[in-house]
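Notes follow once the structure below has been shown.
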Amino acid sequence: MPNPGSTSSPGSIPEEIRNLLADVETFVADTLKGENLSKKAKEKRDSLIKKIKDVKSVYPQEFQDKGDAEEGDEYDDPFAGPPDTISLASERYDKDDDGPSDGNQFPPIAAQDLSFVIKAGYLEKRRKDHSFLGFEWQKRWCALSKTVFYYYGSDKDKQQKGEFAIEGYDVRMNNTLRKDAKKDCCFEICAPDKRIYQFTAASPKDAEEWVQQLKFILQDMGSDVIPEDEDEKGDLYDDVDHPVPVSSPQRSQPIDDEIYEELPEEEEDTASVKMDEQGKGSRDSVQHPSGDKSTDYANFYQGLWDCTGSLSDELSFKRGDVIYILSKEYNRYGWWVGEMQGAIGLVPKAYLMEMYDI
């Protein structure tokens with residue numbers, strides 16, 4: 001009779017036990033990693049992890065090294081049975097494309113070292129559990145940095161668990177991902193023939209904010225230059241593109257030669273004065289839309305996040321900086337014209353919040 005404690009010739013482990021051990025390892029090593037545990041709980045967690053590793057070392061043929069892959073997202077369980085209906089329907093959500101992987105396209109970076117973070121916070125990320133437990137949501141600290149979506153175990157991690165460039169993707173709310181109280185907190189980032197990423201936010205409002213910020217960046221990526229409406233362009237630059245016509249004495253007849261007689265130089269001077277007055281009036285109307293800037297509280301805004309202008313006509317500002325809005329004529333494109341410390345330029349309205357509650 002074989003000795004249960006012997007490790008010289010270990011037998012095979014039943015599939016149910018392997019799956020259960022994989023579930024326990026995922027829960028202890030990954031799920032509890034981002035939780036605030038007591039000292040005693042942490043010691044117990046470390047002890048369980050060590051025991052699991054010992055078992056896997058005794059039965060190396062039963063377990064394959066999954067490396068640093070992201071909790072089952074980046075590999076297939078070699079011990080999983082034939083895929084059921086749920087697995088087949090969800091395969092596209094949980095495995096990478098046949099081409100290059102979405103992950104590991106960017107160098108490792110600590111969560112605290114990310115720059116130009118537009119939106120960040122804890123989300124539940126959906127993954128495929130390669131066992132009888134089916135799907136599972138795991139807590140992840142996510143950050144949208146420029147055009148890359150990063151996800152970490154926590155905001156203290158020194159390296160991301162995964163990331164993907166959002167270019168080519170679309171984002172939308174999806175209340176069919178869950179059947180519990182969080183069903184209205186779900187959204188997904190998807191694209192044809194690409195892996196789908198699904199998340200659950202803390203509240204419906206937080207989920208909508210993620211969707212809005214992602215949509216704003218995706219729309220902004222579609223055009224490097226802000227389009228101009230021809231009518232608006234004509235109205236704004238009417239005094240430059242269409243100068244006041246100067247009549248020539250050779251081509252027109254004076255109304256009354258005896259009363260009105262102007263030399264060409266005088267007509268040109270008069271036209272120049274009119275153009276200067278019109279230009280000055282236009283500038284005054286733009287810089288002071290409400291008359292008195294000092295009391296025009298409705299047009300004072302402050303930065304929600306740091307923003308670095310990529311073009312010369314864009315303002316750069318930091319979170320909390322005060323910006324006075326001169327014009328909202330590009331509102332349809334998500335941009336306003338603002339002034340900060342004497343500098344005037346375009347500012348993304350999504351990066352601003354009202355300074356005064358009027």
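Think of each number as a place in line: the chain as shown, counted from 1.
Any Cβ shown, glycine's included, is placed from N, Cα and C.
Small disclaimer: the values here were computed from a predicted structure and weren't measured.
Feature annotations, courtesy of Swiss-Prot:
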type	residues	note
MOD_RES	SER6	phosphoserine
MOD_RES	SER9	phosphoserine
MOD_RES	TYR75	phosphotyrosine
MOD_RES	SER87	phosphoserine
MOD_RES	SER90	phosphoserine
DOMAIN	116-219	domain 'PH'
MOD_RES	TYR151	phosphotyrosine
MOD_RES	TYR197	phosphotyrosine
MOD_RES	SER223	phosphoserine
COMPBIAS	243-253	compositional bias 'Low complexity'
COMPBIAS	255-270	compositional bias 'Acidic residues'
MOD_RES	TYR260	phosphotyrosine
MOD_RES	SER272	phosphoserine
COMPBIAS	274-293	compositional bias 'Basic and acidic residues'
MOD_RES	SER282	phosphoserine
MOD_RES	SER285	phosphoserine
DOMAIN	296-357	domain 'SH3'
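Around the Cβ of TYR151 (phosphotyrosine), the same chain contributes LEU123, LYS125, ARG140, TRP141, CYS142, ALA143, GLN160, LYS161, GLY162, GLU163, each under 8 angstroms and 6 or more positions distant in sequence. In this structure, TYR197 (phosphotyrosine) is part of a beta strand by DSSP. In this model, the domain 'PH' (116-219) carries an average pLDDT of 88. Summarised by DSSP class, the composition of the domain 'SH3' (296-357) is 9 helix, 28 strand, 25 coil. Counting only same-chain residues at least 6 apart in sequence, those with a Cβ under 8 Å from the Cβ of TYR197 (phosphotyrosine) are LYS125, ARG126, PHE149, PHE164, GLU188, ILE189, CYS190.
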